[in-house]
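This report refers to the structure that appears directly beneath it.
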Amino acid sequence: MVREMGNNNNNNNNNEEKTNASTTTSAYSSPGSTPGVPLVGGYKNGHAKKKSLLSNCKCLGANDWTLEDGTFSPRVFCSLPSPPPVSTARKVGAEFVGTFILMFAGTATAIVNQKTEGAETLIGCAASSGLAVMIIILSTGHISGAHLNPAVTISFAALKHFPWKHVPMYITAQVIASICAAFALKEIFHPFMSGGVTVPSGGYGQAFALEFIISFNLMFVVTGVATDTRAVGELAAIAVGATVMLNILIAGPATGASMNPVRTLGPAIAANNYKDIWVYLIAPILGALGGAGIYTLVKLPEEDAIIAKASAPNSFRG
């Protein structure tokens, strides 16, 4: 009896040692189809290999992962059920509301700044648009993705992160929201002043270059935080909002820093001012496509990034 109890104790100790060894280092990695939702697995120090990844696990939408036998014992938490899918109508509705809020906030600030002879200041205009983007992403991002911009929608579709069949519906919602916000402001503010229309203060060449570059900057950041599962997705709203603020500080005095075709289109229709509007319809789309494409070229391959994070002593997620 004593020998049997001793054997049982030894077995229990061995099991505990194996369990502790298999969970020595914990690393966080997000599956490709669920940005911002980490899939938790354990790595043994010194045993992480290129294919030592979770695969064929369907929890939290994880796909295309594999487990190399004998390398480590993963711990996966799958207790939360997947949320029900959002209908296309709800997505389009959320996109309309989000774009309306953004257009109303950004354009209203520009009108008030003009009516008060610069009381809002450039920093105030930048903060207004940046904060609007942040709160809209936080409130509707989980429903529609909070594109708010035809250039963003087209770029996501080009990267195959968004279905092309939904592009016309999203852009239609964005355009209608922009027009509605512009005419609402026209009824509220008397006089309407310039109506918050973005027009170049210099030549159209300078305006095109600036709009291209700031749209490139915006989409580069958006692609990183929204499509790369290794990015800190929880901070996406702050990153994108800060980028909008930075771009307005850079290009606001020269072009109005549109970055968005509907930011210009709605106010232009309400104010009947179409000066150099082609710049604001073309440059943001080309710049966004460039930013999205360049990010996909420079980002670290996913498997290499996971190994780097597993071995880094100061890894943010490690």
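Note that Cβ sites are derived from N, Cα and C of the backbone, with glycine treated the same way.
Those TrEMBL annotations? Automatic predictions, nothing curated.
TrEMBL annotations:
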COMPBIAS  7-33  compositional bias 'Low complexity'
REGION    1-33  region 'Disordered'
TRANSMEM  92-112  transmembrane segment
TRANSMEM  118-138  transmembrane segment
TRANSMEM  167-185  transmembrane segment
TRANSMEM  205-223  transmembrane segment
TRANSMEM  235-257  transmembrane segment
TRANSMEM  277-298  transmembrane segment
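Ranked by the number of CB pairs under 8 Å to the transmembrane segment (118-138), the listed stretches 92-112, 167-185, 205-223, 235-257, 277-298 are led by 235-257. Looking at which of 92-112, 167-185, 277-298 has the most CB pairs under 8 Å to the transmembrane segment (205-223), the answer is the stretch 277-298.
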